[in-house]
Amino acid sequence: MQTLREKKTLLTEILSADSSYILQHVQQEEIVTNRDYNNLNIPNQSDEKTVVNLLDKVMNKGDTKSYELVNLLQKPHIIKNYPRLEEIFNNHTEPSDHTFNPAPTIPIPCTDNSDLETVVTGGDEVSLYEMTSVPRGLCLIINNEIFEKLSERTGSNKDAVDLANIFSRMKFRVVMCKDKTAVEIPRVLKVFSELKQLSDLQQYNAKEWVGGQFTDLKDLPKHGDAFVCCILSHGKKEGVCGTDGTVVPTIDILSPFNGTNCSILVEKPKLFFIQACRGKDVQKGVPVNKKPKVEGMDMELDTDDGQVQDYTLPLYSDYLVFMANVDQYISIRSPTSGSWFIQSLCGQLEKSCTRGKNIYEILTGVKAAVSKKKGDLRIKDAYGGYGYEVVKQSPDSRDTLTKMLIFPAETTHSS
């Protein structure tokens, strides 16, 4: 915000060359509301007055919207229309305030290669996780589909492919390990935490997402500015299951990446997305005054029965764990279209990251999307017969993140 305030005079002069252009793009990026746009777009008002009112409006909305405007002003199509913006964003030698550092620092989450100013801690300000490494980081997918005694998790491969697609577009290096037992899962996580030598990963048949498919891993990955782990599996009340049906407690999934065991990821975000039930109860819907639009009505559904445990140790800083459902309830997976949770996550990442949304806005979007879904789940009754019961789902998140997290992302589809 202070950057906009200190550069307000120069910004007003530059943007007044075409106030309608910047006003239109600010509305498109949802930095201002439609109502704000109408109030700012006054006929016969001078360009200078329009820009002054726009800057005041955005600064009054707080740091997040100010931050989004700074991002927008550094995009190539904006700079092309206002070349003098480079005077502000490319020629700094000293930080202009305690809110933003000079660009280039962090790539804007969009298709271009523009750079984004980063937020530094100052008083109550929240800093931004750095996202400049190439690749952005490692995304590990553990995809358990075939089990020794439990049912096949049909539809899990679609989840894995869609996760690989979106995270590769977000510049992560994506690697998958398929069908691992409860003994193998912690070992896989350990070798991916340490990344000592390629043979350690190859012994678990690690596959890399390249050119739209999973192929043999040919060189040793490196950690970047973030780590993502997606667990797709069956489970029981006590935790996530390996393919042998034995439970792996969530603490054993998280611990290889804590501050003691993986120092290279200290102060870097570690995100875990877990598609597994957290109990055997079916979550039912409740009536509301305004009937929500029902999305994704599935008639043939499966569940991933299991429970994910809490973690509370202080050394688990900069973690985020996002689970498919709240405690005690099953999570839904369609054999044809994948799981509600993972499909909604991929959709929200694709839509929200390219607009510069932070991780909490993305999580909220996933929760909202999943909560609107409903389906008929085939359930065995007390007499051995089968019937259908309407089922709902509510994803659950917890985190120890210490900074604001925004994923830089590509908006074009990968091959």
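In case you wondered, yes, glycine gets a Cβ from its N, Cα and C as well.
For reference, TrEMBL has these:
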type: ACT_SITE; residues: His234; note: active site
type: ACT_SITE; residues: Cys277; note: active site
type: DOMAIN; residues: 1-75; note: domain 'CARD'
type: DOMAIN; residues: 135-281; note: domain 'Caspase family p20'
type: DOMAIN; residues: 309-409; note: domain 'Caspase family p10'
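Across the domain 'CARD' (1-75), DSSP assigns 58 helix, 0 strand, 17 coil. Taken residue by residue, the domain 'Caspase family p20' (135-281) breaks down under DSSP into 41 helix, 44 strand, 62 coil.
Neighbour count (other Cβ atoms within 10 Å of the Cβ, all protein chains): 27 for Cys277 (active site). Calculated from their C-alpha atoms, the gap between His234 (active site) and Cys277 (active site) amounts to 7 Å.
For His234 (active site), other Cβ atoms within 10 Å of its Cβ number 27. Per-residue pLDDT, averaged along the domain 'Caspase family p20' (135-281), amounts to 94 for this model.
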